Amino acid sequence: MSEGNSSSALVGIIMGSKSDLSVMQDAADVLKEFGINYEITVVSAHRTPERMFNYAKEAQGRGLKVIIAGAGGAAHLPGMVASITTLPVIGVPVKSSNSIDGWDSILSILQMPNGIPVATVALNAAKNAGLLATQILATADESLTVKMQAYKDELRRKVEESADSLES
Ligand code: RP5
């Protein structure tokens with residue numbers, strides 16, 4: 001599975017299984033909206049450990065700036081990738097069907113040891129992962145900062161509009 005232009009991708013979206021795609025697609029959609037090149041693929045910490053190691057080891061050299069990693073259950077993918085690369089890693093806990101309300105995914109991504117941070121978003125919150133990756137890239141890209149400000153202005157405008165409609 002691969003979308004976008006992988007050779008010029010700035011963000012790598014990886015997931016433990018293709019069954020995570022319905023959640024992880026939200027991150028891709030945000031990046032598309034902001035015009036950011038990304039790549040998307042399946043990398044399993046448990047089923048394809050060598051593939052995970054190689055992906056994490058080569059990511060920076062291939063030009064990636066941020067990795068978004070989603071997994072469910074014993075969700076070791078984000079943490080293990082973070083242990084191998086110096087790139088920032090954003091973890092998306094995916095609620096897998098047989099899980100204990102997603103707490104397994106949340107805790108196994110969130111509870112990282114000192115020294116190996118993973119920026120963990122809420123359960124199934126791949127959209128926020130895409131936005132956070134955009135904000136990281138925006139620190140070195142003024143045009144992205146402008147787009148992000150416009151995005152936030154629109155969020156504020158919608159809330160104010162709904163407040164106005166209730167008050168009138
Ligand atoms: C994890 O196990 C995956 O990230 C997925 O969330 C979950 C179930 O995977 P499948 O059995 O559907 O491949 O590794």
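Glycine is treated like the rest: Cβ placed from N, Cα and C.
Unlike curated records, TrEMBL annotations are generated automatically.
According to TrEMBL, the domain 'PurE' annotation covers 9-159. Annotation comment: TrEMBL describes S17, D20, R47 as substrate binding site.
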Candidate with sparsest Cβ neighbourhood (10 Å radius) among S17, D20, R47, the listed binding-site residues: R47
Binding-site residues whose CB lies under 6 angstroms from ligand 1, from S17, D20, R47: S17, D20
DSSP three-state assignment for D20 (substrate binding site): helix
Residues within 8 Å of the S17, D20, R47 Cβ centre (excluding the substrate site residues themselves): M15, G16, K18, S19, V42, S44, A71, G72
Average model confidence [pLDDT] within the domain 'PurE' (9-159): 97
